[in-house]
Amino acid sequence: MYPAHLLVLSAVCVSLLGAANIPPYPLNLINFMEMIRYTIPCDKTWGHYADYGCYCGAGGSGTPVDALDRCCYVHDNCYGVAENKHKCNPKTQSCSYKLTKRTIICYGAAGTCGRIVCDCDRTAALCFGDSEYIGAHKNIDTKRHCQ
């Protein structure tokens, strides 16, 4: 191997080692976005669901406006159980899963944080795929509609 190749290989390895110290915060969000993209219609992106209804996005209050918003309500509650009952941190918890044959398979032992969070995300993503997206419910006035 040429010295230049060794130099490049070394630089790549050092870069990868440095990347291993990146906090896992975005990892679960990336996993969840990937699950959503797998289950929703092609003309939508996960961003369509980020500020939808009363519960899709940050926070949530009131009564869900439709079936899709109920998916987010259930997901929020699932994360709440993961945090309060199981002492998991859903936003930073990595998980193992497989996208196959129009479904999502979560791996890991039942009751572990990775599996609990994966099951929350899987259920929500499949629910998104089964629910109608109503454009009028995107960016609604939550002070008016979500009391």
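The backbone N, Cα and C atoms fix where each Cβ goes, and this holds for glycine too.
What Swiss-Prot lists as active site is HIS75, ASP121, and the listing cites similarity to another entry. The Ca(2+) binding site annotation in Swiss-Prot covers TYR55, GLY57, GLY59, ASP76 and is backed by similarity to another entry. Taken from Swiss-Prot, the feature disulfide bond covers CYS54-CYS146, CYS56-CYS72, CYS71-CYS127, CYS78-CYS120, CYS88-CYS113, CYS106-CYS118. For 1-19, the entry in Swiss-Prot reads signal peptide, with the evidence type sequence analysis.
What Swiss-Prot annotates, mapped onto the structure for a quick look.
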residue : record              : Cβ within 10 Å
CYS54   : disulfide bond      : 23
GLY59   : Ca(2+) binding site : 9
CYS72   : disulfide bond      : 22
HIS75   : active site         : 22
CYS78   : disulfide bond      : 18
CYS113  : disulfide bond      : 19
CYS118  : disulfide bond      : 26
CYS120  : disulfide bond      : 26
ASP121  : active site         : 27
CYS146  : disulfide bond      : 18
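CYS71 (disulfide bond): 25 other CB atoms within 10 A of its CB, across all protein chains.
Counted within 10 Å of its Cβ, the other Cβ atoms near ASP76 (Ca(2+) binding site) come to 16, all protein chains included. Neighbours of CYS71 (disulfide bond) among the recorded positions TYR55, GLY57, GLY59, CYS106, CYS146, defined as a Cα within 10 Å of its Cα, are TYR55. Neighbour counts of Cβ atoms within 10 Å were compared across the disulfide-bonded residues CYS56, CYS88, CYS106, CYS127; the minimum falls on CYS127. Geometry remark: TYR55 (Ca(2+) binding site) versus CYS72 (disulfide bond), CA distance 5 Å.
CYS54 (disulfide bond) and CYS113 (disulfide bond) have their C-alpha atoms 27 Å apart, to the nearest angstrom.
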